[in-house]
Structure formats: C-alpha cells, structure tokens
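Data block below; observations after.
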Amino acid sequence: MDRGGPTPVPTSGSGTGALRIQHSTRLPDFLQSVNLKYVKLGYHYLISNLLTLCIVPLIAVTLIEVSQMNLDDVRHLWFHLQYNLVSVIICSTVMVFGLTVYTMTRPRPVYLVDYSCYRPADDLKAPFHRFMEHSRLTGDFDDSSLEFQRKILERSGLGEETYVPEAMHCIPPTPSMAAAREEAEQVMFGALDKLFASTNVKPKDIGILVVNCSLFNPTPSLSAMIVNKYKLRGNIRSFNLGGMGCSAGVIAVDLAKDMLQVHRNTLAVVVSTENITQNWYFGNKKSMLIPNCLFRVGGSAVLLSNKSADRRRAKYRLIHIVRTHRGADDKAFRCVYQEQDDVGKTGVSLSKDLMAIAGGALKTNITTLGPLVLPISEQLLFFATLLVKKFFNGNVKPYIPDFKLAFDHFCIHAGGRAVIDELEKNLQLLPIHVEASRMTLHRFGNTSSSSIWYELAYTEAKGRMHKGNRVWQIAFGSGFKCNSAVWEALRNVRPSQSSPWEDCIDNYPVKLVA
C-alpha cells in the first residue's frame with residue numbers, strides 16, 4: 001500500500017538491478033494513521049469542557065489583577081463601598097433571598113438505599129421439555145398451538161431454569177383466586193423480607209408504599225396485603241397500580257419520587273411484580289399464546305429515601321425519570337390487549353405491530369431524555385445534522401446520538417429477544433451493554449416490571465458498578481408506554497445480600513443460540 005513515502009522503481013542498464021528512488025506527490029492516507037474514533041472523542045472532551053476552558057483564563061486574569069493591588073488600592077475600594085452602603089445592602093439582601101428561595105424550592109434528592117429481587121424455589125423451574133409436556137397434558141392446546149409454543153420457546157432467548165407458579169405445575173393446572181393470592185404473597189413477601197433484612201429497616205419506619213401489578217388486582221389490594229403482613233403504620237400513604245404493563249416499575253418509582261418531594265425525612269418502598277396464575281392462556285389463538293412462553297415468576301422491592309443521612313449508605317441517586325405515553329393512538333393502545341378469544345378464553349394478545357409501535361415510543365422517549373443526559377457535543381452534532389437535513393439535503397441520514405457517552409450501563413426491559421436486539425441495533429450498543437438484559441431473560445425470563453432490577457443486580461454481581469457510573473433503566477408496557485429512569489452510583493456497588501445471581505453469576509454470560 002502506498003503511504004506517500006518514497007517508492008522504489010527498477011532502472012534498466014547494468015545488470016546490478018540498481019534502484020532509483022521516485023518521490024510520490026500524493027498526500028498521506030490519514031485514515032490509515034489516525035483512528036477517527038479518537039478524533040470524535042477529542043471533540044467530545046473539547047466541547048464538554050468548553051465552559052471550563054473559557055472560565056479558567058478569566059479567573060487567571062482576575063487573580064493577576066488582585067495580586068497587583070497595593071494597600072492604597074484596597075483602601076480606595078473600601079471607601080468606595082462605604083459611600084455606596086445602600087447598594088451593598090440591597091445586593092446582599094437580594095443574594096440571601098435568592099439563595100433561600102433556591103434552597104427551599106430545589107427538588108430533594110432521592111436515594112436508592114437498596115433493593116432485592118425474589119428468587120423462587122428450585123421446584124418451580126420449568127425446563128422446556130416439562131413446559132411442553134404439561135401444555136400437552138392439559139388437553140387445551142391443539143397440535144398447531146403446541147408446535148407454535150415450541151418454536152417460540154426455542155427462539156425466545158429463555159433458558160431452562162426459569163420459573164412458573166405452582167398452580168401451573170399441577171395437572172390439570174389450578175388457576176384459582178387462592179393460588180393467585182399465594183403466588184403474590186410468595187413473591188412480594190419474599191422480596192420484602194430480604195430487603196428489610198439487608199437494610200435493617202423496620203417496617204414501621206416506612207412512610208410510603210407503592211405496589212404495581214398489571215393483571216392481578218384483588219380486593220383487598222396487594223398494597224393492603226403488605227400493610228397487613230408487616231403491620232405497617234396507620235398513616236402510611238399506600239398506592240396500588242394496576243393494568244399499566246411492564247413499564248409500571250418506573251411509573252411506581254416516579255410516584256414514590258413525587259411523594260418524597262412533599263414529605264420530608266421519609267422512607268418509601270416500591271414493590272414491582274406480575275401474577276401469572278390466573279392469567280395463563282388456555283386457548284389456541286397464536287397472538288395470545290406468546291405471553292405463556294415469555295412471562296415467568298419474579299418480583300422486586302426497592303427502598304427509597306429523601307433523608308440526607310441515608311446518602312452515606314445509599315447505592316444510587318435518582319437523576320431523571322422520563323415517561324412517554326402513546327395511548328392516544330388506537331394502534332398503540334391495542335397492541336398489548338387483554339381480551340377473550342372466540343371461545344371466551346381470556347388472555348393477553350400481542351399485535352404484529354408491537355415492535356414498530358415500541359420503536360416510535362422509544363424515539364419519543366429518547367428525544368425527551370437526550371437533552372437531559374447527552375453531552376453538549378452530541379447535542380450539537382444532532383442539531384447540526386437536523387438543520388442540514390431540513391434546509392439543504394433531505395437525503396442526509398439523521399444523526400443517532402451516542403448514548404454510550406451518557407451512560408455506563410443499560411438495563412433494557414427483558415421483554416423478549418427481539419426487543420433487546422432492536423434496541424442494541426438502533427442505539428448502536430455493544431454486546432456488553434445488553435449482556436445484563438440478555439442474561440436476565442435467559443435465567444429468569446420476562447418478569448415484567450421487575451426485570452430491570454434483575455439486570456441491575458447482574459451488573460453489580462459482575463463487579464462492574466463503580467462510583468459515578470450512570471445507569472439507564474428503560475422499559476416498555478401496554479398502553480403503549482416507554483419509560484426511562486436514570487441513576488448515578490454513589491459508590492463502588494457490591495451485590496446486595498441474597499442476590500438472585502449469587503450462586504450462578506460465574507456461569508454467565510452464556511452463549512446463546514442464534
């Protein structure tokens with residue numbers, strides 16, 4: 001390859017094979033000597049620190065001027081201030097008033113003290129062969145439906161150790177109200193017991209309780225079940241969110257955050273789960289069979305605090321929450337829809353347009369989130385590309401911001417293999433960025449709104465969470481919604497006690513079949 005240097009050219013004449021040197025007039029091929037990613041990285045650092053670079057010379061000039069002042073200059077300045085005492089008092093009053101208003105009105109920081117994820121008993125595991133055998137023995141599925149479920153399982157990204165509720169292990173299954181309550185109690189109380197044990201928090205200290213479960217909403221509510229079990233105080237502010245899909249975990253955190261802005265020195269607990277027992281589909285409509293193959297038992301409990309004293313022991317600080325709702329569009333509203341099939345059997349139907357609708361919701365969400373988290377360098381590139389596309393060349397591809405510059409870790413809702421694949425592609429992520437999502441889907445399946453917490457636990461168990469790291473939790477849900485939460489690590493985070501990954505993390509990541 002010609003790199004622009006001297007080129008040896010053979011000459012005729014003597015048999016010695018003499019060479020004469022011919023100098024090339026071509027410029028060096030800079031693409032061979034400079035890796036453009038470092039150019040972009042340098043641009044990123046330059047723009048991100050532009051304000052600092054401008055302020056430093058100003059500070060230096062000010063210090064030089066101050067250092068050259070003599071005693072007469074200082075005395076002159078003092079006399080000047082004495083004759084303008086009224087102006088000094090007014091300026092001081094305005095400054096004090098402004099600082100007071102700012103201190104009183106600024107949002108209170110919300111800290112994530114700790115969280116826990118429920119891990120079911122081993123006897124609830126559902127390997128593929130047992131899943132298919134039990135499906136066949138129920139007698140509710142025809143051959144076409146059984147074959148469809150088998151193919152979905154093989155392509156889903158789920159492993160052989162996911163869990164289904166006890167009622168689904170019975171032959172025939174026993175999807176009763178009592179069994180559904182038992183599943184809810186096992187999951188919620190199992191997660192809360194671990195949370196209280198790891199944080200040494202007394203249940204009576206909890207001032208706010210938010211529970212989200214989309215498909216199971218008994219009376220009394222799930223939040224009331226928790227109040228009764230742990231004898232929470234009588235003035236607790238409890239909320240029960242239902243029907244809000246897999247992104248309800250972020251919604252629950254957002255509600256708890258808003259409550260913590262109002263009530264001082266308060267602890268909040270957010271419990272996220274889904275209930276499968278009464279929501280298994282026993283029919284033959286293909287679009288309603290997919291949830292059977294993806295959804296599995298799981299749940300999480302998160303302890304939040306607005307107490308300044310809790311910062312020392314907290315793992316994370318909540319930075320942003322961005323929520324996107326596309327329910328005004330009919331297609332988006334019906335793309336995840338609970339209904340009855342032609343023979344009256346209830347299930348959740350997934351539309352063939354689901355991925356396209358999710359993509360639109362994601363686009364809206366990251367358009368809102370981007371200016372809040374992206375460095376100014378990425379925002380300038382995006383804006384410049386937008387202007388060129390609009391006014392000069394409509395064929396210019398839109399610039400996709402590099403979210404890897406804003407976040408160190410990604411917790412993408414483990415809704416299914418296709419969801420993770422699409423986000424990896426569209427956000428231009430690396431395999432390590434989606435590893436936590438893929439491995440959570442493989443080990444625990446789609447645990448609905450709690451999946452983002454299993455993913456965070458995976459990152460911690462791998463020892464990858466360091467002080468100052470930023471985490472992006474993003475989830476999709478019926479409605480149709482796309483919600484994001486951004487957290488910042490306050491220290492090098494170690495795995496929580498009784499982590500769901502504690503006895504298997506060394507086996508991951510596993511190689512998935514394409």
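Keep in mind that glycine also has a Cβ here, set from the backbone N, Cα and C atoms.
The active site annotation in TrEMBL covers Cys246 (among others). The number of other CB atoms found within 10 A of the CB of Cys246 (active site), across every protein chain shown, is 28.
Summarising the annotation, TrEMBL assigns active site to His325 (among others). Under a cutoff of 8 A between CB atoms, and with a sequence separation of 6+ in the same chain, the neighbours of His325 (active site) are Gly479, Phe480, Lys481.
The active site annotation in TrEMBL covers His409 (among others). There are 23 other Cβ atoms within 10 Å of the Cβ belonging to His409 (active site).
The Cβ neighbour count for His413 (active site), using a 10 Å radius and every protein chain shown, is 32. Here TrEMBL flags His413 (among others) as active site.
For His442 (among others), the entry in TrEMBL reads active site. A C-beta separation below 8 Å, combined with a sequence spacing of at least six in one chain, links His442 (active site) to Gly157, Leu158, Gly159, Tyr508, Val510, Leu512.
The local packing around Asn446 (active site), expressed as other Cβ atoms within 10 Å of its Cβ over all shown chains, amounts to 25. Under the heading active site, TrEMBL lists Asn446 (among others).
Annotation source TrEMBL lists domain 'FAE' at 102-390. Within the model, the domain 'FAE' (102-390) carries an average pLDDT of 93.
Annotated domain 'Beta-ketoacyl-[acyl-carrier-protein] synthase III C-terminal' per TrEMBL: 408-488, in sequence order.
Summarising the annotation, TrEMBL assigns transmembrane segment to 43-64 (among others).
Look at TrEMBL and you will find 85-104 (among others) tagged as transmembrane segment.
Proximity note: of the listed active-site residues (Cys246, His409, His413), Cys246, His413 have a CA within 10 Å of the CA of Asn446 (active site), given in sequence order.
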